[in-house]
Amino acid sequence: MHHQQHSSLLSLLLLLPFLHRSSIALAQAPAPSPSPTGPTNVVKILKKAGEFKTFVRLLKTTQLDSNLNSQLGDTNNGLTIFAPSDAAFTKLKTPGRSLNRREKMQLVQFHIVPTFISRKQFETVSNPLKTHAGSGDRFLLNVTVSGDSVNVKTGVINTTVSGTVYTDTHLAIYRVDDVLLPAAIFGPKEKSPAAAAPAAAKKVKADDESDDEGDDGDGDGVSKNVSRGVIVGFGSLSLGICIVLAHIALFL
């Protein structure tokens, strides 16, 4: 009996080093890495900031919210968004006409630059900046830095960046004090060459008609002069005949 207890104790003592090593190995094993976070959601970021309700509503009604999220996952260039606050929209004067769906989409896209620009990069960025609204020169932005102030010019309105809402390595969202108004929608309308052509043609036609009228006037004058000549000639001939007849009568 004592022999069996001694053998069991000896076996336990022999196992202790192995148990100790196993516990050390388990303690040193790296903890499982946290599960990756979901894709960046622009609307969630703006909602969390709490002062961009109008801009969020425009993103949703134009269905640009899902488009932005997919772009962030598909491109390496990143995005820069100038987000107007609700206060900026309250300052916006009501335009003379309501915007159609396409113009609303272009207005929202005008606030999005298809490149990530950090706050520091504004000092060296090349102007003008292209936007998602289009490649035309009336859909471009100009960004300049003066001291600590970042100024944004659209050709219609000048405003400043008043804060950073969110930034990482591929997305930057900046708060702006005014709604960025593109010249293509809110600026003076450009006269197309096609519209100017009919006006020029009309002027040429009017000049031609004036010339025709002048020609007609000259023609009428010539006709009148010819008529007078015929009448005078005919009168002279009649007078001559009368004189000849009178002379003949004297000799009869």
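These residue numbers are counts, starting from 1, taken along the chain as shown.
Cβ coordinates come from backbone N, Cα and C, glycine included.
Remember, TrEMBL labels are computer predictions, not curated facts.
Features of the protein shown, as given by TrEMBL:
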type: COMPBIAS; residues: 208-219; note: compositional bias 'Acidic residues'
type: DOMAIN; residues: 39-180; note: domain 'FAS1'
type: REGION; residues: 197-221; note: region 'Disordered'
type: SIGNAL; residues: 1-27; note: signal peptide
type: TRANSMEM; residues: 230-251; note: transmembrane segment
With DSSP helix as H/G/I and strand as E/B, how many residues of the domain 'FAS1' (39-180) fall in helix, strand and coil? 50 helix, 38 strand, 54 coil
For the domain 'FAS1' (39-180), what's the model's average pLDDT? 91
